[in-house]
Amino acid sequence: MNPEYDYLFKLLLIGDSGVGKSCLLLRFADDTYTESYISTIGVDFKIRTIELDGKTIKLQIWDTAGQERFRTITSSYYRGAHGIIVVYDVTDQESYANVKQWLQEIDRYASENVNKLLVGNKSDLTTKKVVDNTTAKEFADSLGVPFLETSAKNATNVEQAFMTMAAEIKKRMGPGAASGGERPNLKIDSTPVKPASGGCC
């Protein structure tokens, strides 16, 4: 058994461009925040190790580009994911409306029993908020998916979002899945990244 961790979970952040996926990842992995917006090109990832119920869990969190032109690259990353976090911007009605489309992408590309979490980001922008918490919560409940509102800027619920996801995956896997059980499926495909070098600047 690898002494460094008991579990390795691969998580995926998806959602429209500009909803704050990269900011959530930066806040959780590095506890930093930046106001400057640089759109993710293709796929990026960070790793953070957490403790949960006395177990060490290594989270490999993949941040995907929201733009349509990267969809063929990012879709290949759904396959090995244990958990997928769908992010929308509480100040952007369109990003919330598109959640259904993102959920369809999960159904199309991810494994059948993948864990899902719905996150409404930018909750600090209270005066600009257009997506009601109750509406989103009812929608998430109808799907049986956990829901949280977060703010990467002031760190509200960011830790909780990733910890919730890790706990849900661990619960689904059960005690017998530690270490060896899931790891063979976690070989990361390097091939899908190659199209990114094909001139989409």
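Using N, Cα and C of the backbone, Cβ positions are placed for all residues, glycine too.
Marked as GTP binding site by Swiss-Prot: 17-23, 33-36, 39-40, Gly66, 121-122, Asp124, 151-153. Over all protein chains present, the Cβ of Cys23 (GTP binding site) has 23 other Cβ atoms lying within 10 Å.
Residues near Asp63 (Mg(2+) binding site) in space but far in sequence (CB under 8 A, at least 6 apart, same chain), listed by position: Leu13, Lys21, Ser22, Leu25, Thr40, Val43, Asp44, Phe45, Lys46. The secondary structure of Asp63 (Mg(2+) binding site), as reduced to three states from DSSP, is extended strand. The Mg(2+) binding site feature in Swiss-Prot is assigned to Ser22, Thr40, Asp63.
Per Swiss-Prot, the feature S-geranylgeranyl cysteine maps to Cys200 (among others); the stated evidence is similarity to another entry.
The feature S-geranylgeranyl cysteine is assigned by Swiss-Prot to Cys201 (among others).
According to Swiss-Prot, the feature N-acetylmethionine maps to Met1, an assignment based on similarity to another entry.
Per Swiss-Prot, cysteine methyl ester is recorded for Cys201.
Residues or ranges marked as region 'Switch 2 region' in Swiss-Prot: 64-83. Computed over the region 'Switch 2 region' (64-83), the whole-number mean pLDDT of the model equals 76.
The region 'Disordered' annotation in Swiss-Prot covers 174-201.
The annotation motif 'Switch 1' is assigned in Swiss-Prot to 30-45.
Residues annotated as motif 'Switch 2' in Swiss-Prot: 65-80.
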* By DSSP, how many residues in the motif 'Switch 1' (30-45) are helix, how many strand, and how many coil? -> 1 helix, 3 strand, 12 coil
* To do: Measure the Cβ-based neighbour count of Thr40 (GTP binding site), defined as the other Cβ atoms within 10 Å of its Cβ.
  => 18
